[in-house]
Amino acid sequence: MKPARLLLLLSGCALLLAPAVRCCGPGRVVGSRRRPPRKLIPLAYKQFSPNVPEKTLGASGRYEGKIARNSERFKELTPNYNPDIIFKDEENTGADRLMTQRCKDRLNSLAISVMNQWPGVKLRVTEGWDEDGHHSEESLHYEGRAVDITTSDRDRNKYGMLARLAVEAGFDWVYYESKAHIHCSVKSEHSAAAKTGGCFPGRALATLENGARTPLWALRPGQRVLAMDGAGRPTYSDFLAFLDKEPRALTAFHVIETRQPPRRLALTPTHLLFVADNASAPAAQFRPTFASHVQPGHFVLVAVGSGGLQPAEVVGVRGRTDVGAYAPLTRHGTLVVDDVVASCFALVREQQLAQMAFWPLRLYHSLLGGPGVQGDGVHWYSGLLYRLGRMLLPPDSFHPLGAPRAES
């Protein structure tokens, strides 16, 4: 059997067997411990998330121009007839139902969350696409990229949590703008940042076994880099390949800043980072968390001294754009980047599942070695796993930015 076909067969088996293996235990794989659902914290009045201006690449991106019914870009808008959403439609034109596909997907996801959070209550849209000029100049409502929302019972005590649910549903910017509604917006359909997977900037630094530091873009298969093992201990792990490599891509990153000691890590919103709620948690119990969910007050693991690991409190989260995006894969599935411990994986929330799914690729590299030169773009095996995952895993296993689109 050809190696590529064998690898394809093994990858399918790994994904099919993963749910059963995840039930076995106890295990010492990072992220394997069962944990209660993460507590959702409502947004405060006038708070917005992420904590950057709406029309920056770290949020929904720049304004691209008003869309009119007779313009070429009108075909970018699609109607939303989801029966679980109430549209106010005070203009009686159906305009509030029109939005970009990205906005529609996020809104449909939010509608499910609202019904789960408050049985008998539905999501209500008071404003969607605006063709009448009722909003401020360069409002994303003019492009169908923004909605103003409430709950169907108009209970203002729910609006802070509604805003948090909108963040969780994958809106690129959420603002508790008014006591009468929540404002949500998304990136443009053309935005490269809207399609970003899980990566780090190419100039971010990894630590080699000899103590030298090297930019991620310069990593070569076979080099050993500082990482973390399943017991939460520092180790040096073989670098195998890039799961994604985009040297020229303009990419939106989340920048996580810590103090005591001060560290700064840039990574894409869908990437996994190991997080705890307090500094006393053992390293092995830090949970895999999407970068977009990391908040000030959380603790991450950082490298100190001669390779030791310790917790550091997150004091700031902001957006930044950079050229180049790289997603290294190591044998342990973790990597220390700019002295912060991160996962090699993104899009899927379970570190253990991702590590198991990449077992055939690790075996392939052990037996046959990797290619000398890797081309740009998404690694074929990573793309294959994502397609298999979409068929086999429930949508809520994915980060909202990478979840399969709803069909309503």
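Including glycine, each Cβ sits where the backbone N, Cα and C put it.
Positions annotated as signal peptide by Swiss-Prot, on the basis of sequence analysis: 1-23.
Per Swiss-Prot, N-palmitoyl cysteine is recorded for CYS24, and the stated evidence type is similarity to another entry.
Sequence-distant contacts of ASP96 (Ca(2+) 1 binding site), defined by Cβ-Cβ distance under 8 angstroms and a gap of at least six in the same chain, are PHE87, LYS88, ASP89, GLU90, VAL125, THR126, GLU127, GLY128, TRP129. Feature annotation from Swiss-Prot assigns Ca(2+) 1 binding site to GLU90, GLU91, ASP96, THR126, GLU127; the stated evidence is similarity to another entry.
Per Swiss-Prot, Ca(2+) 2 binding site is recorded for GLU91, GLU127, ASP130, ASP132, and the stated evidence type is similarity to another entry. There are 22 other Cβ atoms within 10 Å of the Cβ belonging to GLU127 (Ca(2+) 1 binding site). Secondary structure at GLU127 (Ca(2+) 1 binding site), as computed by DSSP, is strand.
In the three-state DSSP reading, HIS141 (Zn(2+) binding site) counts as helix. Using a 10 Å Cβ-Cβ cutoff, HIS141 (Zn(2+) binding site) registers 24 neighbours. For HIS141, ASP148, HIS183, the entry in Swiss-Prot reads Zn(2+) binding site, with the evidence type similarity to another entry.
According to Swiss-Prot, the feature cholesterol glycine ester maps to GLY198.
Counted within 10 Å of its Cβ, the other Cβ atoms near ASP244 (site 'Involved in cholesterol transfer') come to 22, all protein chains included. Annotation source Swiss-Prot lists site 'Involved in cholesterol transfer' at ASP244.
Of the recorded residues, HIS141 (Zn(2+) binding site) and ASP130 (Ca(2+) 2 binding site) place their C-alpha atoms 5 Å from one another. A straight line from the CA of GLU91 (Ca(2+) 1 binding site) to the CA of HIS183 (Zn(2+) binding site) spans 19 Å. Mapped onto three states, the DSSP output places ASP96 (Ca(2+) 1 binding site) in helix. Shown in sequence order, THR126, GLU127, GLY128, HIS135, SER139, LEU140, ALA146, VAL147, GLU177, HIS181, CYS184, SER185 are the same-chain residues outside HIS141, ASP148, HIS183 whose Cβ sits within 8 Å of the Cβ centre of the Zn(2+) site. Spatially, by CA atoms, the recorded positions ASP148, HIS183, ASP244 include one closest to ASP132 (Ca(2+) 2 binding site), and that is ASP148. Comparing CA positions across the recorded positions ASP148, HIS183, ASP244, the one lying closest to ASP130 (Ca(2+) 2 binding site) turns out to be ASP148.
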